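Feature annotation from Swiss-Prot assigns phosphoenolpyruvate binding site to LYS26, ASN27; the stated evidence is sequence analysis. If you look up Swiss-Prot, you'll see ARG96, ASP308, VAL330 marked as UDP-N-acetyl-alpha-D-glucosamine binding site. Swiss-Prot lists ASP120 with the feature active site, proton donor, giving sequence analysis as the kind of evidence.
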Amino acid sequence: MGGVKDKFLVKGGARLQGSVRVDGAKNSVLKLMAAALLAEGTTTLTNCPEILDVPLMRDVLVGLGCEVEIDGHTVTIHTPAELKSDADFPAVTQFRASVCVLGPLTARCGRAVVSLPGGDAIGSRPLDMHQSGLEQLGATTRTQHGAVVAEADKLVGAEISLDFPSVGATENILMASVMAEGQTTLDNAAREPEIVDLCRMLRSMGADIEGEGSPKITINGVEKLHPTSHEVIGDRIVAGTWAFAAAMTRGDVTVGGIAPRYLHLPLEKLKLAGAQVDTFENGFRVVMNKRPKSTDYQTLPFPGFPTDLQPMAIGLNAIADGVAVVTENVFESRFRFVDEMQRLGADTSVDGHHVVIRGIEELSSTTVWSSDIRAGAGLVIAALCAEGTTEVRDVFHIDRGYPNFVENLQALGADIQRVVA
């Protein structure tokens, strides 16, 4: 992991070939670390990714009174009998996932103060559904001085229906309700594999949960949870990024460490674009021997096409044969990436939450800036398809979500270097 001012120099033209294995999911490990707050004792997480956000979450947990050790891919969390309830220190504001301590703290302490989180600049992501869910469980919530405050003498099960299948709200409500009195039903719950992973861990801690992976989750509250050991699910977004990188560079890449069913729609889309895709139990292979065909995409909550792979869909269509439309239905400001693609020569136009991409034969090199984790990765892969050498700046965003990104690309044959500022 590098510094804030590091940049990448990416020379285009290489055909990616070889194999790569994905680590545990960023969108899972941070929530699992928060779930460790629910039980006094030592919880161990394995297959953790070596990304910037894991030490940031460690700092959040340490600020709440935990002891946390990171040893390569293993994170060990020692949760005390008495937690601090106020997560209103600088580490909390640095990344979005810090808000997932709201539910566990309310459940354990009867009170939580969580600073409004930072993270990627990809649109408004309000906490209304998080707060509403806690209120339906019996808490009072308010926003004051840049923080969410939740208080509850006790939490009581409720029938909760989400307006939108928000991943973050589903996670916070799950963690708040596992020790609530009585039964909670959560309708229109998020169905993402990372939700299933969280429920698996909570169940191994003694929680009574049914229905994860479906739109309705039922939680029967228990009096107490116990610590556990848990292996983090593989990162489907990183795996999907490698899949698109193979297709865009007309490469041949085998990706391991991920169940291909978690990427069913992205892999089907790559087939439509002309790629050969072979799947096996714990991975897949993508081979592309020709220029991709333009393919329309629309992002939706799982099992739809993931918004986190939207930059890769735009990048693929930028060099494809034909015209395509990519529609963003999840985050309204995620097309900032398009401005940077235009610097690379992409022929695009934005209309509301649609972007029209007219494919060209080859992109051109320039200097571009990452605005978030996935946009940064998308720009690097697009630069691999450009003539000449592209400078990618603000790559600290990429370090937040992609372990050993440069090293993995180099192993696949890419000409990429990190320049340390």
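Backbone N, Cα and C atoms are what each Cβ position is placed from, and that goes for glycine too.
Spacing of ASP308 (UDP-N-acetyl-alpha-D-glucosamine binding site) relative to ASN27 (phosphoenolpyruvate binding site) is 11 Å (Cα to Cα, whole number). When the alpha carbons of LYS26 (phosphoenolpyruvate binding site) and ARG96 (UDP-N-acetyl-alpha-D-glucosamine binding site) are compared, the span between them is 12 angstrom. Note: the Cα of ARG96 (UDP-N-acetyl-alpha-D-glucosamine binding site) and the Cα of ASN27 (phosphoenolpyruvate binding site) are spaced 10 Å from each other. A straight line from the CA of VAL330 (UDP-N-acetyl-alpha-D-glucosamine binding site) to the CA of ASN27 (phosphoenolpyruvate binding site) spans 16 Å. Once Cβ contacts within 10 Å are tallied over all protein chains shown, the binding-site residues LYS26, ARG96 are led by LYS26.
In sequence order, ALA97, VAL167, GLU192, GLU194, ASP235, ILE237 constitute the residues six or more apart from ASN27 (phosphoenolpyruvate binding site) in its chain with CB-CB distances below 8 Å.
Pairwise Cα distances among ARG96, ASP308, VAL330, which the record gives as the binders of UDP-N-acetyl-alpha-D-glucosamine, peak at 16 Å.
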